[in-house]
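Trainee: In case it's useful when we look at the structure, here is the feature table from TrEMBL:
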TRANSMEM  21-39  transmembrane segment
TRANSMEM  83-110  transmembrane segment
DOMAIN    87-381  domain 'ABC transmembrane type-1'
TRANSMEM  122-145  transmembrane segment
TRANSMEM  182-202  transmembrane segment
TRANSMEM  214-234  transmembrane segment
TRANSMEM  254-277  transmembrane segment
TRANSMEM  335-353  transmembrane segment
TRANSMEM  359-384  transmembrane segment
(Lines of atoms letter the chains of each structure in order from A; the text may use other names.)
(Lines give C-alpha, C1' and ligand atoms only; values in the text may rest on other atoms or scores of the structure.)
Protein backbone atom coordinates (compact mmCIF):
# COMPACT_ATOMS: atom_id res chain seq x y z
CA UNK A 1 0.00 0.00 0.00
CA UNK A 2 2.85 2.30 0.89
CA UNK A 3 4.57 1.55 -2.41
CA UNK A 4 1.35 2.22 -4.30
CA UNK A 5 0.99 5.68 -2.65
CA UNK A 6 4.57 6.57 -3.53
CA UNK A 7 3.99 5.42 -7.09
CA UNK A 8 0.88 7.62 -7.38
CA UNK A 9 2.73 10.65 -5.99
CA UNK A 10 5.60 10.07 -8.38
CA UNK A 11 3.17 9.68 -11.28
CA UNK A 12 1.49 12.98 -10.30
CA UNK A 13 4.81 14.79 -10.05
CA UNK A 14 6.06 13.54 -13.40
CA UNK A 15 2.76 14.01 -15.23
CA UNK A 16 3.31 16.83 -17.79
CA UNK A 17 -0.27 18.10 -17.46
CA UNK A 18 -0.17 18.52 -13.67
CA UNK A 19 3.37 19.85 -13.77
CA UNK A 20 2.45 22.52 -16.35
CA UNK A 21 -0.60 23.56 -14.35
CA UNK A 22 1.53 23.87 -11.22
CA UNK A 23 4.13 26.07 -12.94
CA UNK A 24 1.43 28.27 -14.50
CA UNK A 25 -0.31 28.71 -11.16
CA UNK A 26 3.03 29.56 -9.57
CA UNK A 27 3.74 32.24 -12.20
CA UNK A 28 0.25 33.76 -11.94
CA UNK A 29 0.45 33.78 -8.15
CA UNK A 30 3.85 35.47 -8.27
CA UNK A 31 2.53 38.08 -10.70
CA UNK A 32 -0.43 38.90 -8.46
CA UNK A 33 1.87 39.13 -5.43
CA UNK A 34 4.17 41.50 -7.34
CA UNK A 35 1.27 43.74 -8.42
CA UNK A 36 -0.17 43.72 -4.89
CA UNK A 37 3.19 44.74 -3.43
CA UNK A 38 3.79 47.49 -5.99
CA UNK A 39 0.27 48.88 -5.57
CA UNK A 40 0.60 48.92 -1.80
CA UNK A 41 3.94 50.73 -1.95
CA UNK A 42 2.59 53.32 -4.39
CA UNK A 43 -0.50 54.02 -2.27
CA UNK A 44 1.57 54.29 0.90
CA UNK A 45 4.03 56.70 -0.72
CA UNK A 46 1.22 58.85 -2.15
CA UNK A 47 -0.50 58.98 1.24
CA UNK A 48 2.77 59.94 2.94
CA UNK A 49 3.17 62.86 0.52
CA UNK A 50 -0.43 63.98 0.89
CA UNK A 51 -1.37 63.20 -2.74
CA UNK A 52 -4.95 62.04 -3.16
CA UNK A 53 -5.84 59.17 -5.49
CA UNK A 54 -8.91 58.36 -7.53
CA UNK A 55 -10.78 59.88 -10.45
CA UNK A 56 -12.68 62.60 -8.60
CA UNK A 57 -10.54 65.19 -10.37
CA UNK A 58 -12.47 64.50 -13.59
CA UNK A 59 -15.43 66.41 -12.11
CA UNK A 60 -13.38 69.53 -11.35
CA UNK A 61 -13.55 72.57 -13.69
CA UNK A 62 -10.65 72.66 -16.15
CA UNK A 63 -10.20 76.43 -16.33
CA UNK A 64 -8.31 76.54 -19.64
CA UNK A 65 -9.27 76.91 -23.30
CA UNK A 66 -8.57 74.48 -26.14
CA UNK A 67 -7.86 75.70 -29.67
CA UNK A 68 -9.83 72.97 -31.48
CA UNK A 69 -12.94 71.28 -30.13
CA UNK A 70 -15.26 68.90 -31.98
CA UNK A 71 -17.81 69.12 -29.16
CA UNK A 72 -19.00 72.07 -27.11
CA UNK A 73 -16.33 73.18 -24.65
CA UNK A 74 -15.21 76.23 -22.67
CA UNK A 75 -13.15 76.97 -19.57
CA UNK A 76 -16.01 76.08 -17.20
CA UNK A 77 -16.21 72.47 -18.36
CA UNK A 78 -14.62 69.67 -16.33
CA UNK A 79 -11.42 67.72 -16.83
CA UNK A 80 -13.61 64.82 -17.94
CA UNK A 81 -14.76 66.95 -20.86
CA UNK A 82 -11.14 67.83 -21.56
CA UNK A 83 -10.38 64.13 -21.87
CA UNK A 84 -13.20 63.72 -24.41
CA UNK A 85 -12.02 66.73 -26.45
CA UNK A 86 -8.44 65.43 -26.58
CA UNK A 87 -9.61 61.93 -27.48
CA UNK A 88 -11.76 63.19 -30.37
CA UNK A 89 -8.90 65.32 -31.70
CA UNK A 90 -6.61 62.29 -31.61
CA UNK A 91 -9.16 60.14 -33.42
CA UNK A 92 -9.72 62.89 -36.01
CA UNK A 93 -6.09 63.29 -37.06
CA UNK A 94 -5.53 59.51 -36.96
CA UNK A 95 -8.52 58.82 -39.21
CA UNK A 96 -7.58 61.60 -41.63
CA UNK A 97 -4.00 60.35 -41.79
CA UNK A 98 -4.96 56.71 -42.36
CA UNK A 99 -7.31 57.54 -45.24
CA UNK A 100 -5.02 60.00 -47.02
CA UNK A 101 -1.86 57.91 -46.49
CA UNK A 102 -3.62 54.85 -47.91
CA UNK A 103 -4.69 56.57 -51.13
CA UNK A 104 -1.34 58.32 -51.60
CA UNK A 105 0.61 55.15 -50.81
CA UNK A 106 -1.51 53.12 -53.22
CA UNK A 107 -0.84 55.62 -56.01
CA UNK A 108 2.90 55.73 -55.28
CA UNK A 109 3.21 51.96 -55.03
CA UNK A 110 1.50 51.37 -58.37
CA UNK A 111 3.44 54.21 -60.00
CA UNK A 112 6.70 52.64 -58.82
CA UNK A 113 5.97 49.82 -61.27
CA UNK A 114 4.87 52.09 -64.10
CA UNK A 115 6.48 51.64 -67.54
CA UNK A 116 6.89 55.43 -67.59
CA UNK A 117 10.54 55.98 -66.62
CA UNK A 118 10.08 59.55 -65.34
CA UNK A 119 7.06 58.74 -63.16
CA UNK A 120 8.78 55.65 -61.77
CA UNK A 121 11.94 57.56 -60.82
CA UNK A 122 10.05 60.51 -59.34
CA UNK A 123 8.09 58.17 -57.06
CA UNK A 124 11.30 56.39 -56.06
CA UNK A 125 12.98 59.68 -55.13
CA UNK A 126 9.89 60.78 -53.18
CA UNK A 127 9.76 57.53 -51.22
CA UNK A 128 13.47 57.35 -50.42
CA UNK A 129 13.54 61.02 -49.40
CA UNK A 130 10.60 61.25 -47.02
CA UNK A 131 10.99 57.74 -45.63
CA UNK A 132 14.46 58.58 -44.33
CA UNK A 133 13.64 61.94 -42.71
CA UNK A 134 12.44 61.63 -39.08
CA UNK A 135 8.73 62.27 -38.67
CA UNK A 136 9.25 64.93 -36.01
CA UNK A 137 11.45 66.95 -38.38
CA UNK A 138 8.78 66.73 -41.06
CA UNK A 139 6.18 68.01 -38.59
CA UNK A 140 8.44 70.93 -37.74
CA UNK A 141 9.04 71.63 -41.44
CA UNK A 142 5.35 71.86 -42.31
CA UNK A 143 4.51 73.91 -39.23
CA UNK A 144 7.41 76.35 -38.93
CA UNK A 145 8.85 76.49 -42.45
CA UNK A 146 5.57 76.43 -44.38
CA UNK A 147 2.43 77.32 -42.41
CA UNK A 148 4.01 79.82 -40.02
CA UNK A 149 5.38 81.82 -42.96
CA UNK A 150 1.92 82.47 -44.42
CA UNK A 151 0.53 86.03 -44.38
CA UNK A 152 -1.71 87.34 -41.62
CA UNK A 153 -5.51 87.41 -41.84
CA UNK A 154 -5.61 90.84 -43.51
CA UNK A 155 -3.41 89.57 -46.34
CA UNK A 156 -4.79 86.04 -46.37
CA UNK A 157 -4.60 84.02 -49.58
CA UNK A 158 -8.04 84.06 -51.20
CA UNK A 159 -8.94 81.01 -53.25
CA UNK A 160 -11.77 82.82 -55.02
CA UNK A 161 -15.34 83.67 -54.23
CA UNK A 162 -14.53 85.28 -50.88
CA UNK A 163 -15.22 81.90 -49.28
CA UNK A 164 -11.89 80.15 -48.76
CA UNK A 165 -8.91 81.81 -47.08
CA UNK A 166 -5.49 80.57 -45.99
CA UNK A 167 -3.43 82.52 -43.46
CA UNK A 168 -1.03 81.99 -40.60
CA UNK A 169 -4.02 81.31 -38.36
CA UNK A 170 -5.35 78.45 -40.46
CA UNK A 171 -7.63 77.60 -43.35
CA UNK A 172 -11.10 79.19 -43.33
CA UNK A 173 -14.05 77.85 -45.30
CA UNK A 174 -17.87 78.11 -45.22
CA UNK A 175 -19.46 76.31 -42.29
CA UNK A 176 -22.50 74.13 -43.14
CA UNK A 177 -25.52 74.65 -40.89
CA UNK A 178 -28.23 71.92 -41.01
CA UNK A 179 -31.81 72.98 -41.73
CA UNK A 180 -34.98 71.05 -40.67
CA UNK A 181 -34.96 68.98 -43.90
CA UNK A 182 -31.36 67.86 -43.44
CA UNK A 183 -32.41 64.48 -41.96
CA UNK A 184 -34.43 63.71 -45.12
CA UNK A 185 -31.44 64.65 -47.26
CA UNK A 186 -29.16 62.32 -45.30
CA UNK A 187 -31.77 59.57 -45.61
CA UNK A 188 -31.73 59.90 -49.41
CA UNK A 189 -27.93 59.62 -49.47
CA UNK A 190 -27.98 56.57 -47.16
CA UNK A 191 -30.62 54.91 -49.35
CA UNK A 192 -28.47 55.57 -52.43
CA UNK A 193 -25.41 54.05 -50.73
CA UNK A 194 -27.36 50.92 -49.73
CA UNK A 195 -28.69 50.59 -53.27
CA UNK A 196 -25.19 50.89 -54.71
CA UNK A 197 -23.87 48.21 -52.34
CA UNK A 198 -26.62 45.86 -53.53
CA UNK A 199 -25.80 46.77 -57.13
CA UNK A 200 -22.08 46.06 -56.60
CA UNK A 201 -22.81 42.62 -55.15
CA UNK A 202 -25.15 41.83 -58.04
CA UNK A 203 -22.52 42.96 -60.55
CA UNK A 204 -19.91 40.74 -58.90
CA UNK A 205 -22.15 37.67 -59.05
CA UNK A 206 -23.02 38.47 -62.65
CA UNK A 207 -19.36 38.79 -63.55
CA UNK A 208 -18.50 35.45 -61.93
CA UNK A 209 -21.40 33.72 -63.68
CA UNK A 210 -21.15 35.25 -67.16
CA UNK A 211 -17.80 37.05 -67.34
CA UNK A 212 -19.56 40.27 -68.35
CA UNK A 213 -18.48 43.40 -66.51
CA UNK A 214 -20.96 45.98 -65.28
CA UNK A 215 -19.71 49.61 -65.07
CA UNK A 216 -19.96 49.81 -61.28
CA UNK A 217 -17.61 52.76 -60.76
CA UNK A 218 -19.19 55.13 -63.34
CA UNK A 219 -22.64 54.14 -62.12
CA UNK A 220 -21.65 54.78 -58.50
CA UNK A 221 -20.22 58.21 -59.32
CA UNK A 222 -23.27 59.17 -61.37
CA UNK A 223 -25.81 57.99 -58.81
CA UNK A 224 -24.02 59.65 -55.89
CA UNK A 225 -23.58 62.96 -57.71
CA UNK A 226 -27.19 62.88 -58.85
CA UNK A 227 -28.46 62.08 -55.36
CA UNK A 228 -26.35 64.79 -53.75
CA UNK A 229 -27.23 67.52 -56.27
CA UNK A 230 -30.85 66.68 -57.08
CA UNK A 231 -31.65 65.73 -53.49
CA UNK A 232 -30.24 69.05 -52.31
CA UNK A 233 -32.82 70.98 -54.33
CA UNK A 234 -35.70 68.52 -53.83
CA UNK A 235 -35.41 68.81 -50.04
CA UNK A 236 -35.39 72.60 -50.26
CA UNK A 237 -31.70 73.25 -49.65
CA UNK A 238 -31.21 71.37 -46.36
CA UNK A 239 -27.92 73.16 -45.67
CA UNK A 240 -27.18 76.82 -45.25
CA UNK A 241 -23.65 78.17 -45.06
CA UNK A 242 -21.95 80.63 -42.74
CA UNK A 243 -19.09 82.36 -44.55
CA UNK A 244 -15.88 83.63 -42.95
CA UNK A 245 -15.69 87.43 -42.81
CA UNK A 246 -12.60 89.51 -42.01
CA UNK A 247 -13.24 91.61 -38.91
CA UNK A 248 -10.34 93.54 -37.47
CA UNK A 249 -7.27 91.36 -37.23
CA UNK A 250 -9.00 88.00 -37.71
CA UNK A 251 -11.84 86.16 -39.42
CA UNK A 252 -15.24 85.71 -37.82
CA UNK A 253 -17.68 82.95 -38.71
CA UNK A 254 -17.11 80.04 -41.02
CA UNK A 255 -15.14 76.91 -40.28
CA UNK A 256 -11.47 76.98 -39.33
CA UNK A 257 -8.81 74.30 -39.65
CA UNK A 258 -5.98 75.25 -37.33
CA UNK A 259 -2.41 75.14 -38.73
CA UNK A 260 -1.33 72.58 -36.12
CA UNK A 261 -3.83 70.07 -37.52
CA UNK A 262 -2.74 70.74 -41.11
CA UNK A 263 0.96 70.36 -40.29
CA UNK A 264 0.44 67.13 -38.36
CA UNK A 265 -1.86 65.72 -41.04
CA UNK A 266 0.54 66.54 -43.88
CA UNK A 267 3.53 65.04 -42.06
CA UNK A 268 1.74 61.84 -41.01
CA UNK A 269 0.33 61.36 -44.51
CA UNK A 270 3.59 61.92 -46.37
CA UNK A 271 5.71 59.88 -43.96
CA UNK A 272 3.38 56.88 -43.66
CA UNK A 273 2.49 56.83 -47.37
CA UNK A 274 6.12 56.03 -48.23
CA UNK A 275 5.97 52.80 -46.24
CA UNK A 276 2.53 51.92 -47.61
CA UNK A 277 3.86 52.51 -51.13
CA UNK A 278 6.62 49.95 -50.61
CA UNK A 279 4.08 47.50 -49.18
CA UNK A 280 1.87 47.95 -52.26
CA UNK A 281 4.83 47.56 -54.61
CA UNK A 282 6.08 44.39 -52.92
CA UNK A 283 2.54 42.98 -52.77
CA UNK A 284 2.04 43.45 -56.50
CA UNK A 285 5.44 41.95 -57.28
CA UNK A 286 4.61 38.95 -55.08
CA UNK A 287 1.91 37.91 -57.55
CA UNK A 288 3.28 35.36 -60.00
CA UNK A 289 4.26 36.84 -63.35
CA UNK A 290 2.29 34.09 -65.05
CA UNK A 291 -0.89 35.83 -63.90
CA UNK A 292 0.07 38.89 -65.93
CA UNK A 293 0.86 36.79 -68.97
CA UNK A 294 -2.49 35.01 -68.67
CA UNK A 295 -4.32 38.36 -68.47
CA UNK A 296 -2.62 39.61 -71.61
CA UNK A 297 -3.38 36.35 -73.39
CA UNK A 298 -7.06 36.83 -72.53
CA UNK A 299 -6.97 40.36 -73.94
CA UNK A 300 -7.49 42.18 -70.63
CA UNK A 301 -6.39 45.80 -70.44
CA UNK A 302 -3.75 46.89 -67.93
CA UNK A 303 -6.46 48.45 -65.76
CA UNK A 304 -8.51 45.23 -65.80
CA UNK A 305 -5.39 43.19 -65.07
CA UNK A 306 -4.58 45.32 -62.05
CA UNK A 307 -8.10 45.62 -60.64
CA UNK A 308 -9.43 42.12 -61.35
CA UNK A 309 -6.39 39.86 -61.05
CA UNK A 310 -3.30 41.40 -59.48
CA UNK A 311 -4.59 43.58 -56.63
CA UNK A 312 -7.07 40.99 -55.24
CA UNK A 313 -4.20 38.50 -54.95
CA UNK A 314 -1.77 41.09 -53.63
CA UNK A 315 -4.16 42.13 -50.85
CA UNK A 316 -3.42 39.03 -48.77
CA UNK A 317 0.26 40.04 -48.79
CA UNK A 318 -0.36 43.77 -48.26
CA UNK A 319 -2.90 43.88 -45.43
CA UNK A 320 -0.81 42.52 -42.48
CA UNK A 321 2.08 45.02 -42.89
CA UNK A 322 -0.39 47.82 -43.66
CA UNK A 323 -2.03 47.10 -40.31
CA UNK A 324 1.30 47.81 -38.62
CA UNK A 325 1.58 51.12 -40.48
CA UNK A 326 -1.91 52.16 -39.39
CA UNK A 327 -1.02 51.35 -35.79
CA UNK A 328 2.21 53.33 -36.11
CA UNK A 329 0.34 56.32 -37.53
CA UNK A 330 -2.17 56.33 -34.67
CA UNK A 331 0.63 56.21 -32.09
CA UNK A 332 2.80 58.72 -33.97
CA UNK A 333 -0.05 61.22 -33.73
CA UNK A 334 1.05 61.77 -30.12
CA UNK A 335 3.94 63.84 -31.54
CA UNK A 336 1.31 66.56 -31.92
CA UNK A 337 2.39 67.92 -28.55
CA UNK A 338 5.59 69.21 -30.21
CA UNK A 339 3.65 71.86 -32.17
CA UNK A 340 0.77 72.41 -29.76
CA UNK A 341 -1.99 70.46 -31.49
CA UNK A 342 -4.55 69.74 -28.74
CA UNK A 343 -4.61 65.95 -28.89
CA UNK A 344 -5.04 63.65 -25.91
CA UNK A 345 -1.36 63.77 -24.91
CA UNK A 346 -1.19 67.57 -25.07
CA UNK A 347 -4.40 68.51 -23.24
CA UNK A 348 -4.70 65.55 -20.87
CA UNK A 349 -1.19 64.32 -20.13
CA UNK A 350 0.09 67.87 -20.47
CA UNK A 351 -2.13 70.65 -19.13
CA UNK A 352 -4.49 68.47 -17.09
CA UNK A 353 -1.63 66.58 -15.43
CA UNK A 354 0.15 69.83 -14.56
CA UNK A 355 -2.96 71.26 -12.91
CA UNK A 356 -4.14 68.18 -11.02
CA UNK A 357 -0.98 66.19 -10.29
CA UNK A 358 -2.90 62.91 -10.76
CA UNK A 359 -0.06 61.31 -12.68
CA UNK A 360 -0.96 57.65 -12.18
CA UNK A 361 -4.61 58.02 -13.16
CA UNK A 362 -3.94 60.26 -16.16
CA UNK A 363 -1.09 58.16 -17.54
CA UNK A 364 -3.14 54.97 -17.05
CA UNK A 365 -6.16 56.46 -18.87
CA UNK A 366 -3.98 57.68 -21.75
CA UNK A 367 -2.25 54.32 -22.11
CA UNK A 368 -5.62 52.57 -22.07
CA UNK A 369 -6.90 54.85 -24.85
CA UNK A 370 -3.97 54.13 -27.17
CA UNK A 371 -4.20 50.42 -26.36
CA UNK A 372 -7.91 50.45 -27.25
CA UNK A 373 -7.26 52.32 -30.50
CA UNK A 374 -4.53 49.87 -31.50
CA UNK A 375 -6.61 46.80 -30.67
CA UNK A 376 -9.63 48.23 -32.53
CA UNK A 377 -7.61 48.96 -35.67
CA UNK A 378 -5.99 45.53 -35.49
CA UNK A 379 -9.35 43.77 -35.03
CA UNK A 380 -10.90 45.62 -37.97
CA UNK A 381 -7.95 44.88 -40.26
CA UNK A 382 -7.99 41.20 -39.26
CA UNK A 383 -11.69 41.06 -40.12
CA UNK A 384 -11.05 42.79 -43.44
CA UNK A 385 -8.17 40.43 -44.17
CA UNK A 386 -10.50 37.45 -43.76
CA UNK A 387 -13.06 39.08 -46.05
CA UNK A 388 -10.60 39.59 -48.91
CA UNK A 389 -8.69 36.34 -48.44
CA UNK A 390 -8.76 33.98 -51.40
CA UNK A 391 -11.16 31.07 -50.99
CA UNK A 392 -9.39 27.85 -51.84
CA UNK A 393 -11.36 25.07 -53.46
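Glycine is treated like the rest: Cβ placed from N, Cα and C.
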Trainee: Who are the chain neighbours of the transmembrane segment (335-353) in space, where the CB to CB distance is under 8 Å and they lie at least 6 residues beyond its ends?
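Mentor: Result: 62, 64, 66-68, 79, 82-83, 85-87, 89-90, 93, 135-136, 139-140, 143, 258, 260-261, 263-264, 359, 362-363, 365-366, 369.
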Trainee: Counting CB pairs under 8 Å, which listed stretch among 21-39, 83-110, 182-202, 254-277 touches the transmembrane segment (122-145) the most?
Mentor: 254-277
Trainee: Same-chain Cβ contacts of the transmembrane segment (83-110) under 8 Å, 6 or more residues past its ends?
Mentor: 58, 66, 68-71, 73, 123, 126-127, 261, 264-265, 268-270, 272-281, 283-284, 306, 322, 325-326, 329-330, 333-334, 336, 341-348, 352, 365, 369, 373
